[in-house]
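K.L.:
I am attaching a structure below and will ask some questions about it afterwards.
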Amino acid sequence: DAEEYQPPIWKSYLYQLQQEAPRPKRIICPREVENRPKYYGREFHGIISREQADEILAGVEGAYILRESQRQPGCYTLALRFGNQTLNYRLFYDGKHFVGEKRFESIHDLVTDGLITLYIETKASEYISKMTTNPIYEHIGYATLLREKVSRRLSRTKNESRKASVTSEENTPVEKITSLVRRAALTQNDNHFNYEKAHNFKVHTFRGPHWCEYCANFMWGLIAQGVRCSDCGLNVHKQCSKYVPNDCQPDLKRIKRVYCCDLTTLVKAHNTQRPMVVDSCIREIEARGLKSEGLYRVSGFTEHIEDVKMAFDRDGDKADISASIYPDINIIAGALKLYFRDLPIPVITYDTYSKFIEAAKISTPDERLEAIHEVLMLLPAAHYETLRYLMIHLKKVTLHEKDNFMNAENLGIVFGPTLMRPPEDSTLATLNDMRYQKLIVQILIENEDVLF
């Protein structure tokens with residue numbers, strides 16, 4: 001069983017070095033210093049020279065004091081003894097103490113972290129420079145350790161629903177081990193849609209010892225030791241994050257909402273081809289709203305649209321948007337448009353926006369169609385699939401034009417600014433591009449069978 005999984009032997013060399021690093025020794029000033037900043041303690045020695053600081057710290061590895069600069073009064077320096085020499089760092093305070101990127105609650109923590117970093121980088125600089133060369137992340141032997149154990153568990157859920165096979169209670173022990181184990185487990189699931197997705201790394205402070213899930217080395221330091229993917233939970237060194245493939249498998253428990261969530265992140269977390277909002281709303285509209293006059297042009301009540309949004313955020317694909325709850329189909333149409341407007345990266349991505357606009361400006365219809373098709377191929381897989389599905393739906397809407405009065409041009413006016421936005425937030429650029437946005441969507445609807 002997956003619970004029996006034993007992690008590989010993590011590389012402990014850097015952990016041992018951290019244990020060996022000099023401990024900070026605060027050298028207290030024997031006299032009372034006037035005008036001492038309130039956020040410094042008795043390690044502050046007032047205005048003294050580098051030479052005086054060197055004398056105070058001489059011979060005591062890890063010893064430190066704070067001093068005010070003789071050359072620049074009002075500027076403060078951390079003097080730290082390491083490697084039989086005194087190192088001087090310009091010290092700053094903005095509610096927390098820092099000399100570089102990391103910010104600390106206390107000077108003691110800053111010095112502790114600094115000594116660890118100095119010691120490890122002094123003793124193992126060559127080792128650190130090479131630690132990404134043989135990663136466990138891509139190591140076949142590592143992955144096979146869990147494949148036999150996890151595949152048995154996955155085979156038991158093979159006949160369950162697509163979503164359940166990823167998020168079932170049976171799989172939670174796998175997720176408790178490491179995100180790397182979870183990634184390997186998910187790759188065994190035939191139903192899991194293999195859309196490429198970059199990891200969403202953010203600097204993270206780990207409590208207790210942590211090892212990098214890319215190179216297997218210890219993540220040294222007191223705070224901000226590495227980065228964590230906020231979508232799947234992968235923990236790696238900052239330098240290792242540059243080498244991690246774009247294979248993020250978002251964990252549903254980390255995705256707090258449906259609206260305003262990156263499209264690829266959402267579909268991978270829910271293990272669907274398209275966002276469930278799109279599927280649910282289109283299914284409802286096609287069941288009871290294709291002949292509704294002014295479909296997508298007529299607005300539903302804003303409060304009710306917000307209710308639908310909250311229902312999806314709260315209940316996911318179990319959200320009830322049936323006629324018994326929302327009899328006005330314009331509310332469902334409004335919720336679908338709102339979903340597209342709220343995307344952090346539009347369905348037609350910022351990267352492809354200018355290429356679509358340039359394609360729309362081509363005067364020859366056949367050449368324009370060819371150019372649009374080429375740009376469509378540049379869309380991320382989840383964006384392409386969502387756009388394809390939406391265009392098939394909008395084509396169905398146009399087939400009922402006699403009842404709903406919505407042709408491809410009218411739908412282009414509605415969906416142009418909804419599906420594509422210029423990368424820079426420029427009102428002028430948006431106004432200038434509106435007719436091309438409309439034209440792009442119109443062409444996509446009219447030629448969906450050719451373009452997709």
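Even glycines carry a Cβ here, placed using N, Cα and C.
What TrEMBL records for 43-111 is domain 'SH2'. What TrEMBL lists as domain 'Phorbol-ester/DAG-type' is 198-248. Per TrEMBL, the feature domain 'Rho-GAP' maps to 261-452.
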K.L.:
Tell me, what is the mean pLDDT of the domain 'Rho-GAP' (261-452)?
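P.N.:
Average per-residue pLDDT within the domain 'Rho-GAP' (261-452): 95.
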K.L.:
How do the residues of the domain 'Phorbol-ester/DAG-type' (198-248) split into helix, strand and coil according to DSSP?
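P.N.:
So the counts come to 3 helix, 14 strand, 34 coil.
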K.L.:
In the domain 'SH2' (43-111), how many residues does DSSP assign to helix, to strand and to coil?
P.N.:
13 helix, 29 strand, 27 coil
